[in-house]
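Listed in Swiss-Prot for this protein:
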| type | residues | note |
| --- | --- | --- |
| COMPBIAS | 125-136 | compositional bias 'Basic and acidic residues' |
| COMPBIAS | 234-244 | compositional bias 'Polar residues' |
| COMPBIAS | 245-260 | compositional bias 'Low complexity' |
| COMPBIAS | 306-320 | compositional bias 'Basic and acidic residues' |
| COMPBIAS | 321-332 | compositional bias 'Polar residues' |
| DISULFID | Cys32-Cys78 | disulfide bond |
| DISULFID | Cys42-Cys68 | disulfide bond |
| DISULFID | Cys48-Cys79 | disulfide bond |
| DISULFID | Cys371-Cys497 | disulfide bond |
| DISULFID | Cys414-Cys430 | disulfide bond |
| DISULFID | Cys543-Cys567 | disulfide bond |
| DISULFID | Cys578-Cys609 | disulfide bond |
| DOMAIN | 31-79 | domain 'Clip' |
| DOMAIN | 385-632 | domain 'Peptidase S1' |
| REGION | 95-137 | region 'Disordered' |
| REGION | 152-178 | region 'Disordered' |
| REGION | 216-260 | region 'Disordered' |
| REGION | 286-365 | region 'Disordered' |
Amino acid sequence: MAMISARRYFLLGLLVLTTSAYVTVGDEGDPCQVRSDIPGICLSSSACENIRGYLKSGTLSTSQVPSCGFGAREEIICCPTVACCATDRGREVQFHATSSERSSLPEPKREPTPEPEPLPPTTTEGKRERESRLDENQNFFDFNKLLSTTVKPQKTHESLKLPTQESMKTPTHESMKMPTHESMKLPTHEPMKLPIQSVGAWGIAPSKTQPIASTQRSFMEPEWGREPRIVNRPLTTPRSRPQRPNNSNFNTNPSPNNNNLIHLVNDRLREQGMQIEPAREVPMVLQTTPTPTPAPTPTQLIDPFEPYRFRGQDRDKDTQPQEPWNDVSNNLDADPAPSIFNPAETRPTTPNPNPSRVNLPEKERPSVAACEKIRSGGKPLTVHILDGERVDRGVYPHMAAIAYNSFGSAAFRCGGSLIASRFVLTAAHCVNSDDSTPSFVRLGALNIENPEPGYQDINVIDVQIHPDYSGSSKYYDIAILQLAEDAKESDVIRPACLYTDRSDPPANYKYFVAGWGVMNVTNRAVSKILLRAALDLVPADECNASFAEQPSANRTLRRGVIASQLCAADKNQRKDACQGDSGGPLILEIDDVDGTYSIVGVISSGFGCATKTPGLYTRVSSFLDYIEGIVWPSNRF
């Protein structure tokens, strides 16, 4: 168990190596250069053994280790091919050489004076005969005589006496005397009334002018001594000694030391790369006038069969685009050449093996009908904190945290989106390996370690990975998790709509990524709170040009960025989806006031976090047939 724990913390420690400002793109097995004089190879952080020697010797720091990218579970770093310990060994040899030279300092003085008798036995015997000054006839030389003698040993020296205050002639202070019951004037049958710490290093405590009642001895009086020293109490402000309650001297002003400590903590967090904003007092507006209750909206939910009428003639014709769904077979870009698609360009129609769904209009798709069911409740979502990164409770009720069994405990390494009451949409690379089998899904939680009331943990019973997905490429990176039971919808748990239009949305729309992944590329701190970041779509030609500069893209993206993929990035290279956010949604916000949004993509992969290379996302609208065939088979939802 100790080895498992050590390995676990070692893996977590190696994740810190991704703080390097030098990003080298590659997959496992690709050659790389750690430094100009140190060759390397791209390996996972847990498989790199040589890096420990470089870090311990000081040859490299964590910020100097290049990153090759991210794998399914951990980061791929540029691992040195040559082991490092020469520096440490050199220091040890130098240290031992110094100590040996010091121990042999008197030997050079003996070399110029050669001794005529080189044999050590002859020399030692001669020295014993010449230097012997003891009488061999005395009793202590004969052990038998020593045992048989009856003579008492004579006292040859006086015993050492300890000095006293009288011999040292030092004045005696009255406070140095031990107190007695008579001096303290306390009854002997009531030992529990002794004052706390009455005798210490400074003598007896001064007597009190007024006696203290026995019911008020739960705290010490200020005049009993010095202030107690607070040792190893983290993140605590200095506090005053407890005093008796007095309404006249009650002070409501906070101590200035509290503000100083808060500023000190904020400064240290800013040095680590965190963004600390000053607190702002938001006045709470009390609504005195009664707000109009949503009386007409609940009446729409009385009829349980209303959501299933998705083929009626009386449906609003402007809710979804009227363009037909031409590509229903998901044969995405069969040509091997890189495809730079035009957002306004539509793909040619391919024959559909399913005759029941040929040229199905957008309005008749099960995903569109399911979205209308979700939005028919008439209950707006909670408004976001627009200028912040933290997501308010109820803003993204579709967010799901995927838990994996890691040495008997739950580890949340990927995210997902609840698209139906029993199905979660995520990335295929999050669930593709044996050690990445999801255990359960946590819904309705902002803090995944300390979830708020109302969250639900539902086991995963089935994993559906796209049949064309391969772990060696970035295409078809999409999967669906089936839950053991239906999620109970509430204000914080609700499915999300899927964006069904194949073309890119207008430029004035807002895009956000949300998740619990790495929030600081400097110290690799993982967020426990659901966060989001605003991104911009990157055109396909610019995205292909960026990925063409990465050597490993020739293997993982042989056809380039195709029409079933999206690219998004932050122009300032400060915000991005990072490790731990994989599988989460790329959210298209249509109206940030009433919370109308759709899921346009799934977080797939990227080269580093917040780099000049955009992040890669799986376009949801390209896989509607695949999703609907699992979630809503036979047009049932």
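Each Cβ is built from the backbone N, Cα and C atoms, and glycine gets one as well.
Taking Cα separation as the measure, Cys48 (disulfide bond) is nearest to Cys78 of the disulfide-bonded residues Cys78, Cys414, Cys543.
Taking Cβ-Cβ distances under 8 Å and a sequence separation of 6 or more, the neighbours of Cys371 (disulfide bond) in its chain are Cys497, Leu498, Ser598. For the disulfide-bonded residues Cys32, Cys414, Cys430, Cys543, Cys567, a Cα-Cα cutoff of 10 angstroms around Cys79 (disulfide bond) retains Cys32.
Within 10 Å of Cys68 (disulfide bond), counting C-alpha to C-alpha distances, fall none of the disulfide-bonded residues Cys414, Cys430, Cys543, Cys567. Across the structure, Cys543 (disulfide bond) and Cys430 (disulfide bond) are spaced 23 Å apart at their Cα atoms. According to DSSP, Cys78 (disulfide bond) sits within a strand segment.
Cys78 (disulfide bond) sits 23 Å from Cys430 (disulfide bond), taking the C-alpha atoms as the reference points. The two recorded residues, Cys414 (disulfide bond) and Cys42 (disulfide bond), have Cα atoms 23 Å apart. With a cut-off of 8 Å between CB atoms and residues at least 6 apart in sequence, the same chain places Leu537, Val538, Pro539, Ala540, Glu542, Cys543, Ser546, Val561, Pro614, Gly615, Leu616, Tyr617 near Cys567 (disulfide bond), listed in sequence order.
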